[in-house]
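As given in Swiss-Prot:
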DISULFID  306-372  disulfide bond
CARBOHYD  71  N-linked glycosylation site
CARBOHYD  173  N-linked glycosylation site
CARBOHYD  344  N-linked glycosylation site
SIGNAL    1-18  signal peptide
C-alpha cells in the first residue's frame, strides 16, 4: 500500500507539473529567453514548443528590443541613422571557433548571403572578449569561407583587446573592408590584402602588396612556429551587417535581344534607309522610328504606363504575426498600369515579351498583352 500511494502521489505531481497555467487567459505570453519581452502564444498545433530549443544571437535580441521599445539611446552614433535607412539586418556567426596564435586572431564567416546588388550601410564586428592577464596588441584577420571552396582573405586590423569598464563586448566598424570585398572582389589577387588600422575611427583601408600569402594564412593553415594556440567559442563573435536593396542597371547580366538586334550588321540605320528609298522611308517613318529608336508610345485610353508600386504585406493581417517576430511587415512591390506596344529597354523586357509585343503591334487579336513578372528576388531575413 505504501508503494501504491507513492506511485499515485508521483502521478498527481506529474499531472500538476504538466498542467498549463492560465491557459484560459486571452493573449498569454511566452517570454523569450534572455529578455523581458513576451510574444503571443502560437495558435498552431505546436503550441509552446514554437520557441523551444531556439538560440538567438544576443546582439540581435538587443537590437529587436530597441526597435520594439523605441529606446534609441541604446543605439550607437553609427547605428541610429543606419537602422532608419536599412531594409535588412543580417547576423553571421563564425564557421569555426576563433583561432588565436600568439597575437594573431583568425575569424571566419560565410558571407555568401551578402549580395553585391545590396547597398552595404554598416558592418560591425562584435567580439565578447575573454579575460586577459595583461592587455596586448593583436592582429585580427577576417576570412570569407564556404564549404568546398578556398578561404578568401578579406583584410586585417590591429587593436587592443582591452574594453571599457562594465562591458565585455568590443565593436569594430568593418564597413569599408566589406565594401571593398563586394565591389572590388574581382580585382583581389593572392598578393594583396587590406590592412585596416583604427577602423572604428573611420580610417580608410590601405591595400598592401605581399609576395607571400602564407604569412596572412597562418591562422587557417597551421602553426608552423609552434606558437601557443588557443580559441574561444563561436558565440563570442558575431558579424552584424545592415543592408539596403538598390536597383540594378541590368537585371539580366547579359545583352538583351533588343541590344543584339541594334548592334547587328543586318540592321540598317535610319540614314541608310532614307538614301535607299526616300519615299518608302517617309511613308513608314513613324513605324520605323518606333521600332528602331525604341520610343515609348503615348498612353492609350488614359491608362498610365506600367510601373512598380508598393504592396505592403502585413503578417499580422494574414495571421502569421504570432510566429514572425520581426519584421512585422515588408514591401513586396507589384506592377500596375498598361505596357506600351512595342516594349522598349526602359521596361527591361524578356526576349519573349519583346517578340510578343512586336506581334501584337501588327495583329492586336493574335496575342494578349505582355504581363509583368518578377525578374529579381532576394531572401527576407526574419526572426521567428
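Including glycine, each Cβ sits where the backbone N, Cα and C put it.
Features recorded in Swiss-Prot, as mapped to the structure shown.
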residue : record                      : CB count, 10 Å
173     : N-linked glycosylation site : 20
306     : disulfide bond              : 18
344     : N-linked glycosylation site : 18
372     : disulfide bond              : 16
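Residue 372 (disulfide bond) and residue 344 (N-linked glycosylation site) have their C-alpha atoms 14 Å apart, to the nearest angstrom. According to its DSSP assignment, residue 173 (N-linked glycosylation site) is in a strand. The two recorded residues, residue 306 (disulfide bond) and residue 344 (N-linked glycosylation site), show a Cα separation of 12 Å.
Distance from the CA of residue 173 (N-linked glycosylation site) to the CA of residue 344 (N-linked glycosylation site) is 43 Å. According to its DSSP assignment, residue 344 (N-linked glycosylation site) is coil.
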